[in-house]
Ligand SMILES: NC(=O)c1ccc[n+]([C@@H]2O[C@H](COP(=O)([O-])OP(=O)(O)OC[C@H]3O[C@@H](n4cnc5c(N)ncnc54)[C@H](OP(=O)(O)O)[C@@H]3O)[C@@H](O)[C@H]2O)c1
C-alpha cells in the first residue's frame, strides 16, 4: 500500500475532505445581500405551477451577458486549464502499454474504469432511459460546461507512431466526435487540420505553454480541457499549467501500465484537494489552485 493512500474502497460514504497546503488560501468572494436577492428573485427556480407559469414566461433565462456591465459572465474570470473525468485504477494506472488499433488503452481493459460514467443518465452514448442521476451523473454532465477547446496528446488521438503514412485516420470517435470545439493534438508529426461534424482537429508541435496560449485563444474566453493521455497530463502538470483536475479512482488495482501518480497525495503540494466516494465505488478526487 502506498503511504497515505487507504485502499479500502468503502471506507467513507458521502463524505468529503479538504486538505490545504499552508501556502494556499481559499479566497471566498464577498456575496452582497443584493446578489442573494437578485438570485432568488430571478423566477427560474420557481416550480412551474399554474399560478406562476404565465409569470415565468416573462422571466428571462440566465444570460451570458447578465452582468452589471453587460460583459459576458464567462469572461469575468480568467480562463482555466482543466483535466476532467480522468480515470485511474486504485494504484494510479490510467492506460496500458502496447496500444494498438484494436486496444486503444493497450493491455488495460477500460471497462471497469469507465463503467461509472456509462451508467449515468448524462452519458452521451446512452440510448435507453434509466441512468443514475447522482454524483457520477453530475460529474459527467459537467464535462462540456464552459469548455471552448481541448488539448490532447497524439497517442490519445491515434495508435500510430512516427510520420503519417496516410491521413485517413480521423481519431477513434467516428463521424461525430464528442468534443464539439477545436481540438489541438500535440505531435511531432504535423498534418493538415480537418473537421468532423462540430469538431475541428488541429495538429501542433509546440511547448505546453505555447499550445495552451493557442488553445485559450481558440476557446474565446471559455476554459480549455486537457484531455490526456497520461504523458501529456504529466507534461502540463510539470509545467505548472493545470488549474483543475478531476480524477476518478476505481476501487481496484491494475499493477502495471502508464501511471498518473503513486497516490492522490502526490499533488497536494500544488493543489487544494477534496474527494468524495460515490455509491458506484468510484472515489472522485478534485484538485484546484
Ligand atoms: N485514463 C484516462 O482517463 C485517459 C484519458 C485519455 C487517454 N487515455 C489513454 O492514454 C493513452 C495515451 O497516453 P500516452 O501517455 O501514451 O500518450 P499521450 O499523452 O496521448 O501522447 C503523448 C505523445 O504526444 C506527443 N506530444 C506530447 N506533448 C508534445 C509536445 N509538447 N510537442 C509535440 N508532441 C507532443 C508525442 O507524440 P509524437 O512524438 O509521437 O508526436 C508524445 O509521445 C492511451 O491509451 C489513451 O487511450 C487515458
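Placed from the backbone N, Cα and C atoms, the Cβ positions cover glycine too.
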The annotated region 'Disordered' range in TrEMBL, which must be one of 4-36, 103-135:
103-135
Quick one: which of 46-80, 151-185 does TrEMBL have down as region 'Disordered'?
46-80
Helix-strand-coil residue split for the region 'Disordered' (103-135), DSSP-based:
9 helix, 2 strand, 22 coil
Could you give the mean pLDDT over the domain 'Bacterial bifunctional deaminase-reductase C-terminal' (85-267), rounded to a whole number?
97
